[in-house]
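Right, one structure below, let's go through it.
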Amino acid sequence: MSLDIILSIGSPLRRFLAWSGILLLAYLAYFFIGGVLAFGINTTETVHQDIEYYSPKIGPDRVVLLEDRVQSGIARLDLIRQAETSIDIAYYTITQGVAAELYLSALLEAAERGVEVRILLDGIFHNMRRKLADYRHAMAVHPGIEIAVYEPFSPIHPWRIQNRLHDKIMLVDGNKLLIGGRNIGDRYYLADHAEPVFDRDVLLLHTSSGNPAESVLPQAEQYYHKLWQSRFVRQISPPRWRHHRQKAAEHITRQIDWLDQVRQSSDLLPSEPIDWKSCSLPTRKVTFLHNPLERMHKQPVIWSELTALASTANTRVYLQSPYIILDRAMLRLAPDLPTAPITMLTNSAASSPNLPALAGYLNSRDAVSAAADRLYEYHGAGSIHAKTYIIDDRLSLIGAFNLDPRSSFLSTESLVAIDSPELAAEILVSLDSLLASSARIDSDLTEVPSPDAPSYPEISRGRRLKIAAMRLLIYPFAYML
C-alpha cells in the first residue's frame, strides 16, 4: 500500500477523532454546567410549618429505640415476618452481603404468603446490580411485589443527578413505622464487622389508645404515597426473556428455602415473634417532617424547622450528624443562635469514611465551631452515622437528615420529631458513651482528647494528603455536599 493511500485514510480518521474529542468535551461541559454549576446560586427562603410539636398528654404512639446494630437488623426481619397485609419500603442504598440477602429474602417470603410489598430505591445508588440483580428480577416478576427507583440517571438531563432519594423508611400494616439513618448493608447490622457503623433507628407503634388522627402513621403513609406516585419514580419491569423470568422464579424458591435453613441455625433471625409494645416507651406527640418532592433546589423544610426549634430551646440543644457542613445558604436561613448551649458531635478526620463530606466539614469547621458551644469529633472504632437532634431533653428528631447542604436543599429527606422525655433520656445515654471516645474541639480548633478515651489512632500521611487534596478540590462546590 502506497504512502499516499495511507495518508488519505489517516486524514479522515484524524478529523473523526478530533471532532469526537470536541463533541465529548462539549458534552462534559454541558453535563458539568447542568449537573453542578446550575446549583451554585441558591435563592430559596426559610419555610416554617405551623406545627405544634409538644403535647401535655400521652399520645397514641409508642416508640422503641434501636441503637444496637444486631437488634436493629433483627427488628427489620421480625417486622417483615409479622407483617399481615402490607410492607412499604424506601431506601437510599442496599449493599451486597449477609444483611441484604436476609432482608430481601424475607421480603420475598412475605410476598409469598400474600403480603403486598412495595420497594422504592434511589435510581442511581440502589446497588441492585451484579450479585443483587437476581433479587431485582425476582421482585419484578413476583405478583405481590412492586419495585421501583427514584430519579434514574439521565445522560441528557444532568440536573437530575442531584435529585436523590435519601429516605430510610419501613411501613408495616399501616400501624408500624421504622425510620432512622441505616441503609441495608453488613456494616450497619453485623456485630463483628471490620468497619462498624454506629447508627440509630426508632420503631413507632400505633396503639389502640388515644385519637387515631393524632398518630404519626397516617402522616408517614401519606408521604410514602406521594413518593410512590411521584413523577420521578420509574417501575422496574420483569426480565424480557422467558428463561430470565424462569430463573427469577427459581431464585424466589431457592432464597425462601435458604431463609428457612438460616432461621434454624442463626441468631440473626428470631425464632419467635417479638412483642415490641412490651419494650416500648410512651410518646406525647410524634410529627413527621419531610422535604418537598421536586427537582433543583428544594424548600429547606427540615432545616428551617430544626433551626427554629433549636433557636427557642431553654436548656440545651444536642446535634449529632455524621457530616456537618454549614454553607452560606444554610447560615443565611438560620435564625439567631439560642441562648441555650449547643453541643455538636460528628466524625473526625480519622473516623469519617466519606472523604468529600469530611473535606467539606473541615472547610467549614470555623463556622461549625462558632455555632457550637461544645464541638466534638468521634475517634472511636468505626464511624458514626446517626442523625439525631435533641431539644431541651424532651424533643428528639431522628431520621435520614444530615446537617449539610445536600440534605437541606437537594435530596428527599424525612425524620420524626418525638415529644418523649423518656426517649430523649435513653438517647442521651448513648450519646454520652460516644463522647467518651471523642475529642472536644476548642475555639482555636485544637483537639482536647477525652480523658476516658484510649489513645487516638494516627492519621496516615497518605490519608492526610488525600484530605488536603479533596479540601482544595471541593472548596468551590460546598453547596453540593
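Just so you know, glycine gets a Cβ as well, placed from its N, Cα and C.
Some features that TrEMBL has for this protein:
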| type | residues | note |
| --- | --- | --- |
| DOMAIN | 161-188 | domain 'PLD phosphodiesterase' |
| DOMAIN | 380-407 | domain 'PLD phosphodiesterase' |
| TRANSMEM | 16-41 | transmembrane segment |
Other parts of the chain folded back onto the domain 'PLD phosphodiesterase' (380-407), taken as Cβ under 8 Å at six or more residues beyond its ends: 53-54, 92, 164, 166-168, 179-182, 187-188, 193, 195-202, 289, 302-303, 306, 309-310, 313-327, 329-330, 340, 345-347, 351-353, 357, 360, 413-421, 423-425, 427-428, 431, 434, 437-438, 453, 478-481
Overall pLDDT for the domain 'PLD phosphodiesterase' (380-407), taken as the rounded mean: 95
Secondary structure tally of the domain 'PLD phosphodiesterase' (161-188) (DSSP, helix then strand then coil): 5 helix, 11 strand, 12 coil
